[in-house]
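Following: one structure in C-alpha cells, then a few remarks.
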C-alpha cells in the first residue's frame, strides 16, 4: 500500500508526502508528514514526549475517551503471561502495561519498563512506585533499535503506541527478535488503518481538527498532537506491519483490529 | 435420514451463531469492559473487608478460570499480594491456569448461598478441572468477606441517610425475593396442574368444526321443518 492510500480524505488536511509506507530511504525518514534526516528524528520525537510526559495519561484518557485502557487490557489478555515470566514493556511510557504485567508475573518474574525518553520513564517510575509496585520492575532508558539486553532474555515483549515513533522500525523489530527467547512472543499495539470508509473520515476529522485543539487546551501543546495525528497516518497499515514482522524473523504472525481498525494488535512468535 | 440432516444443520447453525456472538462481543471489547468492571468491584470489596482472618497467601499467583455458559468468553482471576495489599486481576483469556470451573451464573448464586462445592459437583451443576483446592479457597474467601456497608455508606452520606438507604434496600430485596418465590410457586402450580386442564389448539379447532357442523345440521333441520309446515298447511287447506 502506498502512502497516498493512507492519506486523510478530508480536504483541509495537509497532503501526505510521497514516501514509502515505512517512510524510510537510506538517509531520510518521516516526522509526521515532514521528511527529515534520520539522525534528527530521535531528538524531534524526544522533544514531543518531553513536552507531553506530565499530561500523557490525562491526554490519553481524553483523546481516546478511556478506550486505550481496554486496548491495553486486550493486549494483556492476548499476551499469555504467566507467573515467573520475563517481560519487556518497550516504549512503556507511563507504565500502564508494566503495572499489570508486574502483578501477573509475581515475585519470580521480572518486568523491564524501557523507554527512550527519560521524562516518560520518570513519570512511569513515579506512578508505579506510588502504586506500591517496586519488587519486580526494572527501568531502562533504551533505544528500541539497539536493545541493551542479552539474546534470548524475554518471554514476552510488548510495544504499545511506540513503534510508529521509532526511526528504523525494521531494525527495531530485528532487535526485539534477538532479545526474545525461543517460544517468546512480540505484541505490537499501534494505531492502524480503519476498515470502514465512513469511520476513516470521522477519524480523520477528529484527529486533525479536534485532537490538536485538545492538546493545545490541556497540554498547552497543539503541535505535538498534530504530530501524533500525522505519525499515525504515516505508520504502516496492518498487512505491511505483519510483513515487516515476518521479514524480521517472526513466525505465526497475526493481527486483530480493535475499534474498527483504529488500533491493531499484531502478534508474532520467535521459534 | 431427514431428521439426522436437520439435526446436523441445527448444530452447524448453533455453532455459527455462537461464533458470531463471540466475534461481536470481541469487536465491542465486551470481555475487556466486563473484566475491568469486575476487577474494580472485586478490589473495592476486598479493600472494604473487615474479616482479618482471611488469608490469600496460599492463593498467591494462582489463577482460577471460570467458564460460564451464559458468557461467550472466559473469566480468569489471579491473586497478587506483592504490593503490600491483595489485588485480584481479572482477564478474559489465560493460557495457563491452576483450576477451571465450568458452570452457570445460577449455580454461582447457589455457591454463594453456602452450598458446598462438592455437593454442586455431585449434582453435575459444576465441573472442576485442575486443583480443586484453589476453587474451594476462592469460594471460602467469597463467603467469608465481612463488609460493614452501613459504616462505609455513612462515611459518604451520613448516619441517618445510610441507615434509611440500607433499610429501604433490605425491604426492596425482601420484596423482590418474595415476589420471585411467589412467581416460582405460581409457575410450578401452572405447569403441574393447570397446564393439563388448558384446552389445546387442536381441541379448539375440533370444537369449532363440531359447532359449524351443528349449525349446518340445525339449518337443514329448520329448512325441513319449514317444508313440512308448508306441506301440512296445503293438506289442511284441501
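The chain as shown is numbered from 1 upward.
Positions of Cβ are set from backbone N, Cα and C atoms, glycine also.
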For the S-adenosyl-L-methionine site that TrEMBL describes with A:94, A:143, A:144, which of these is also annotated: A:40, A:77, A:115?
A:115
When you measure from the Cβ of residue A:144 (S-adenosyl-L-methionine binding site), how many other Cβ atoms are you left with inside 10 Å?
25
When a 10 Å sphere is centred on the Cβ of residue A:115 (S-adenosyl-L-methionine binding site), how many other Cβ atoms does it contain?
28
Need one number for the S-adenosyl-L-methionine-binding residues A:94, A:115, A:143, A:144: the maximum pairwise CA distance in Å, whole number please.
17
Candidate with the highest Cβ count within 10 Å, taken from the binding-site residues A:94, A:143:
A:94
